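Trainee: In case it helps, TrEMBL gives these features for our protein:
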ACT_SITE  9  active site
DOMAIN    66-142  domain 'GHMP kinase N-terminal'
BINDING   94, 95, 96, 97, 98, 99, 100, 101, 102, 103, 104  ATP binding site
ACT_SITE  136  active site
DOMAIN    208-276  domain 'GHMP kinase C-terminal'
Ligand code: C5P
């Protein structure tokens, strides 16, 4: 049996540059990953199947549209004689939450199929299968910090960034991605006038990274807050937490993150938020 982690993806920044003729939005985003995530295993075999367990399994479902199965089918279309098998997903991340849970599961499935079939990590068929499965799947293949551009398919070099002690909070409201983008109101072919994304240096020290992040933003925050007003409260709670250096929404929401100077400060804030909002999903995480 082959096993891999499917870590949560966090967009530290997400700048919208415009809308392409194909309807997708062109963006620039600094993406990092967290220790928190799902676990996926594969028992190689001829038949493709999926079983899902874990706290958020009911929301994720194990149907044909689960991204694990879609990714596997997309790879099978590209690799003749691909050995598939039985996937088991331990689902812990909230679903439709802006932290790429489904995308990370899909990328994990591709990594496991690559291992089971002796494909190298740089095999272009893996990347192609990732791209057609979803915009966030290519960046989840390596699950390491990098800039993501285009609609998500264009990836910058891997970045070595300092560990950022963080708290992730999801207020329990699923947010569908498509209507959040639609609320930007951009027409196909339309460009946005915006300041250039700050350049993130490989190996940037934590203080420099934080200063740079504070000059960035998530352009989906306002439309997501209109769709799910509880995100406004989530951000307010994080910003009020003792020691919070920066709080922002990830992806199209509703999960928000806050960065702290030390893991201890992050853990203390997480405890306080859990007491205040026992119904929210609150997780300490080391982002990098
Ligand atoms: O690629 P994916 O299926 O994950 O995207 C879901 C939806 O989000 C798309 O149908 C599209 O409406 C929107 N989207 C977008 N621009 C992106 C990524 C996603 O408009 N860069």
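Every residue, even glycine, has its Cβ placed from backbone N, Cα and C.
For each feature listed, report its degree of burial, its nearest neighbours and the pertinent distances within the displayed model.
Mentor: DSSP classifies residue 9 (active site) as strand under the three-state reduction.
Here the domain 'GHMP kinase N-terminal' (66-142) has, by DSSP, the following mix of helix, strand and coil residues: 43 helix, 7 strand, 27 coil.
Residue environment of residue 102 (ATP binding site) contains 27 other Cβ atoms, counted within 10 Å of its Cβ in all protein chains.
Counting every protein chain shown, 27 other Cβ atoms lie within 10 Å of the Cβ of residue 136 (active site).
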Trainee: If you count other Cβ atoms within 10 Å of each one's Cβ, which of the binding-site residues 94, 98, 100 has the most?
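Mentor: Comparing the binding-site residues 94, 98, 100, the most crowded Cβ belongs to 100.
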Trainee: Which residue counts does DSSP give the domain 'GHMP kinase C-terminal' (208-276) for helix, strand and coil?
Mentor: 39 helix, 12 strand, 18 coil
Trainee: To the nearest Å, how far is the Cα of residue 102 (ATP binding site) from the Cα of residue 136 (active site)?
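Mentor: Answer for this pair: 9 Å between alpha carbons.
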